[in-house]
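Each remark here refers to the structure printed beneath this line.
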Amino acid sequence: MDTLCSLSGLDPLWDWNQTWYTHNPELSNCFQNTVLVWAPCIYLWVLSPFYCLHLYCHGRGRLPLSSLCSAKLVRQTAFYLFKHLSTFCTFWPYSVFVANLFLFFSQNACPVQDASFLSKILFWWFSGLLFKGYRSPLQAEDLWSLREEDTSEKIISDLEEEWTAECTKLQHTSIALGSRLPEQAQFLRKIQKEQSSGFCLLRTLARSFGPYFLTGTLCLMVHDAFMFSVPQVLSLLLGFMKDEDAPLWKGYFYASLMFLLSCLQSIFNHQYTYTCFTVGMRVKTAVMGLVYRKSLVVNSAARRTCTVGEIVNLVSADTQKLMDFVVYFNAVWLAPIEVTLCLFFLWQHLGPSALAGIATVIFIFPLNGFIARKRSKLQEIQMKYMDGRVKLMNEILNGIKILKFYAWEKAFLEQVLGYREKELKTLKKSQILYSVSIASFNSSSFLIAFAMFGVYVLIDDKNILDAQKIFVSMALINILKTPLSQLPFAMSTTMQALVSLKRLGKFLCQDELKPDNVTRESFKSGERSLVDKHYCNGTFSWSKDGPPCLKRISVRVPCGSLVAVVGHVGSGKSSLLSAMLGETEKRSGAVSVKGSVAYVPQQAWIQNASLQDNILFGREKKESWYQRVLEACALLPDLDNLPAGDTTEIGEKGLNLSGGQKQRVSLARAVYRKADVYLLDDPLSAVDAHVGQHIFNKVIGPRGILRDKTRILVTHGMSFLPQADLILVLVDGEISERGSYQELLNRNGAFADFIHTFASSERKECFSEASQRGNITMVCVRAFILAEKIDMHGDTNSITIEPLPDSDEDHIQEDLGKLTKADKARIGRVKLEMYIEYFHTIGLPLIVSIVFLYAFQQAASLSYNYWLSLWADQPVINGTQLNTDLKLGVYGALGFAQGIAIFGTTVAISLGCIIASRHLHLELLNNVLHSPMSFFETTPSGNLFNRFAKEIDAIDNMIPDGLKMMLGYFFKLMEVCIIVLMATPFAAVIILPMAFLYGFIQSFYVATSCQLRRLESVSRSPIYTHLNETVQGASVIRAFNEQSRFIMGVNHKVDQNQTAYFPRFVATRWLGVNLEFLGNGIVLAASILSVMAKGTLSPGMVGLAVSHSLQVTGFLSWIVRSWTDVENNIVSVERVKEYADTPKEAAWTIEGSSLPPSWPQKGTIEFHDYGLQYRKGLELALKGISVHIKEREKIGIVGRTGAGKSSLALGIFRILEAAKGQIFIDGINIAEIGLHDLRSRITIIPQDPVLFSGSLRMNLDPFDAYTDEDVWNALELAHLKNFVSELPDKLNHECSEGGENLSLGQRQLVCLARALLRKTKILVLDEATAALDLETDTLIQSTIRSQFEDCAVLTIAHRLNTIMDYTKVIVMDKGHVVEMDSPSNLIAKRGQFYYMCREAGLL
């Protein structure tokens, strides 16, 4: 090249004397005319093939014309028209035209797609949202839509195939080995499979997201290259300061070069972090999608081991651990490399003394490795306790009504607190170990420097520690501090992620329902069978290893026939339908279903949606058919009285509907489907007798709208059996008899004996077959004429059912029919009071101690660093420095003092945050359990799950870590500023304005960041609600084949959540880049001012100031991250505290109460002008009730649906407080005693039986107040003794979540056993035997009459025959008591009760 330059008559290409060794540097003419001209061309030539490859791989083959580019193009055209066609602009102003065009093309798309290169690397494209958030609080509609590559549909569709392939490999390996291994080896193999499933999941995620993650890793490596370049430039700058003859421009050049390298370091660091968070977001979407899809296909055995609470934990806590893992994973392998490079450069400066630093690092690493392993085990234990706590909270929220009826809140509160204490105890141990780890790593820079400098000066007196050696070494050690401080966190995060991966992998590899359990075929007209069970010895069970629930089943159902399935409680009736749906394990035999299926479960599954949406269930509305279905299912009278008709919102699990209404909605959903096969699991048990007869005739029976369909009906109603084409009698999971009604009677078997025994009582309740066919229309019409107002029966919640008074209609019109309150985001920054309240729970003494320890820690750090600068400036005498031992001793003492202070501060913060966390959780738990039932009706369970899972987890873990980092780096930043000001006081002119600018940018940013955090939290709750709802209704969703619709629903909810999460982490990157550029300005200021004061500043002071200013960018970055984390996670405190201000129930107990221990002794109940309303603004549900119930009286409460029967029970238990009047029990006003004092002394057997996971004994006696003998006696009276005696664990039999491993009838008997155990003087029955067969029902009724003979019994009756021998009957209508007398007298009066008895066939 020099030859070429000489031939051209120019200077050489490069001349050091011209460019470097001169006071006026410049480039040679040849360099200017060649390299500077050719470099851009070479850049284009080299990169053009790669760009062409990029276009080819992305399938475009052309330059993309973005929407923004299109808008600009149109704008330019409009501008041309504006200049040349003034008339055009007269009619439509230019600015409006451009704005409309821009809005048309943008459609709220994410601006990053159209941002310029500079805008992307500096995150300027995000500024628009920040300005909008600063001007006014952001709303969900202000957020950008997700990019296509970030949407659930795109991510899951790509990932699901990969994961399916991995699972198939794992299953094949297990099957291949499992068949040849003994039992113990198979168990070990199962454990190994669970562990390897986590690595399979990691491998799948890596294949999907690894390539994009590697681009971020490349940015990190470039960042590291710039990071290690800065100390080399610092070495040159300190050399310049020592060289008196060096030209001044070199000092400015070195200062500018350090500034440039620091800026590039910041840019690449934040690009890396942006990539990691993007990958983490996609991993979260992927894992949530996989878990949700798995919950739809997991089999019943696996479902019992994975409760709803545990599944919610998987998508909340465990996904967060994976996201943290993505961010910090590179530190695990890159940190050792960075440590090695630092030690290499230190060797260059200090020679073999650097080995002392290596020895220190070797000591620190194993120590922290041991700590990481211990913390990993503690993490597993903590997650186990957290799972237990969240699982229990899920059950408490699902069964809150039962807890309030039985006054069991304290018992379950203590159970939750037991889990919580164990969780916090484990967390405390983990945090103390973490404090040791942090102290060792934060002191590592001192320990390494102390070891190296000590060895360096002690091995030879001639070794001089000058400014260049000390502060270049310190700069390298400060770099070393970053990987050493990140490594424990990265290792901890990795260990936590491995635990979470194992948990996720275990769930995702659970056994699924086998598609071949049922052979599904399309139905062709003319075929004679729709359901066909082959093999005479068909055997089915609920789990592979469990006992069979059905044995030797063989049945063939002809097309269009009605099959009735009967049998005792627990005989396998519901299991038979489950086998037809493929929900059970098929041991032998085959099931073939031809045509589509509709399923009505025994316990109705109702979505939190409008009543219409519950019926349509994703289908298009056809008005004529829809109205016909409503009429057939007896829902039209209900709709007339719902606030918003069929658009009224139904609460979770149908909270604001009665049991009968829920069952009719569930039936209507199935009927509307127009399926070929209908599986009906006792849908008529929860409805009144006349309504049940109406539904049978209009829907199920030979003249119903399903008459041409195949119907399999599980029933306990004998009146329906004569009309069945086939009756299957089940005994202990086997079909003991089969045939038509007449055939079975003629055989004189067990069925015939049963019919003859109970025919008389049943005949009183229902019509004969002839009278049914002749008079049913008249009866039904009369029944519905009388049902003028619909409330609810058999339920404690009907707050949306009452009609609104006219005065309220205008201002509540738009909310008509709305029940639940969406989780709303607060606006603005978190109030200062929230911080004060949080720190107040920690306690002032602990806070003062923390601040003092931090101040002492940084004072020690400042002292030993200043001591080093004095050491560096000490003159050299005869080639040595004096008093090196003293200097080394002082340096060591100050450093060790700092290490002890670091340990003290981290332990103090950890303990303080655990105290605050314990207090906040207890306060949340108390607030929720003290809330009235109306709170649970209007608050979706997902909102509460979110508080108890995600928000409490953030308070436990995120806030302490954020506080440690924020305070630590804040005090370190103060130390740096003090050192820079000590060296160059003039720097205050730059530092003070930068501090104000820093504060402005921070406050400008926080307004948007906090609102984004709130929006993200709010959008997370619906995911948990939807997941909870899906898991509970999975069998219905599968039966109706609606999995894809529900998957689309959860995709939409996850995307909404990520729409808020994406700008949230981009905001942090925007702030980080801007603030780090400010920090780099401090580096530039310190360097420039040091160069300007070259003659007056010592090299030691310059080295101290500049080396410390180099840390400012890192400090600012971590302060930003930790401050943001604290600010954002304090939102969790805010959200937990939200429920402190909600309305609460009356006190559970009243201190100093004079209530006798044996109260009530008689059981008399008096209503004095009693009135009750469900909420303010609604008319009274009970109006002026004045009733006196004497001791030992048996009272039947009857009335049409909505008459106020259940409202009476709610008033007695004070589930709703009186609007007027009083209730006296044994002469004591119940409003003046504690709720638990009242509810624990009276008993109810509700219509919906609820059990909790735990032992059977705990479900009967959670307070352990009774002996085992008492419990067995209660079980015997409830006809459960034989069943429980045959269980392996007997009273310790573990009930699954919701009692799903017991039949509905068995669960109702357990509820009866609870009442028998308590044996209070007042018993309320709410159609408690609806799910029992007639024989068991008769036995239970006789038990109640004998065991509660000396008690007052109030029965809310749907079957009138059960109360005909009662002392009195109360007839209610529209909230009034219209009749009250003995049944015989009421019949003689020929009032409403007389007509009700006639309609029920009792007269």
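Residue 1 is the first one shown; counting continues down the chain.
Each residue, glycine too, has its Cβ placed from N, Cα and C.
TrEMBL labels come from automatic prediction, so no person has curated them.
According to TrEMBL:
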- 35-57: transmembrane segment (TRANSMEM)
- 78-105: transmembrane segment (TRANSMEM)
- 117-134: transmembrane segment (TRANSMEM)
- 212-231: transmembrane segment (TRANSMEM)
- 214-496: domain 'ABC transmembrane type-1' (DOMAIN)
- 251-268: transmembrane segment (TRANSMEM)
- 325-347: transmembrane segment (TRANSMEM)
- 353-372: transmembrane segment (TRANSMEM)
- 432-458: transmembrane segment (TRANSMEM)
- 470-490: transmembrane segment (TRANSMEM)
- 513-757: domain 'ABC transporter' (DOMAIN)
- 835-856: transmembrane segment (TRANSMEM)
- 850-1128: domain 'ABC transmembrane type-1' (DOMAIN)
- 890-916: transmembrane segment (TRANSMEM)
- 973-1001: transmembrane segment (TRANSMEM)
- 1165-1399: domain 'ABC transporter' (DOMAIN)
- Cβ contacts the transmembrane segment (890-916)/the transmembrane segment (835-856), at least three under 8 Å, sequence gap 6 or more: yes
- Message: So, taking each listed stretch (214-496, 513-757, 1165-1399) in turn and counting its Cβ pairs to the domain 'ABC transmembrane type-1' (850-1128) that are under 8 angstroms, which one gives the highest count?
- Response: 214-496
- Mean per-residue pLDDT in the domain 'ABC transporter' (513-757) works out to 82
- Count, for each of 35-57, 117-134, 212-231, 432-458, 470-490, the Cβ pairs lying under 8 Å from the transmembrane segment (325-347), and report the range with the highest count. 470-490
- Message: With pairs fewer than 6 apart in sequence excluded, do the transmembrane segment (117-134) and the transmembrane segment (470-490) have three or more C-beta pairs that lie under 8 Å?
- Response: no
- Message: Please identify the stretch among 117-134, 212-231, 251-268, 353-372 with the greatest number of Cβ pairs below 8 Å relative to the transmembrane segment (432-458).
- Response: 353-372
- Message: If we skip the immediate neighbours and take only residues 6+ beyond the ends of the transmembrane segment (117-134), which ones have a Cβ under 8 Å from one of its Cβ atoms?
- Response: 111, 142-144, 267, 270-271, 274, 1004-1005, 1007-1008, 1011-1012, 1063, 1066-1067, 1069-1070, 1073
- Message: Using Cβ atoms and a strict cutoff of less than 8 Å, what residues sit near the transmembrane segment (212-231) while being 6 or more residues removed from its termini?
- Response: 206, 258, 261-262, 264-265, 268-269, 271-276, 278-279, 326, 330, 334, 338, 341-342, 345, 472, 475-476, 479, 1110
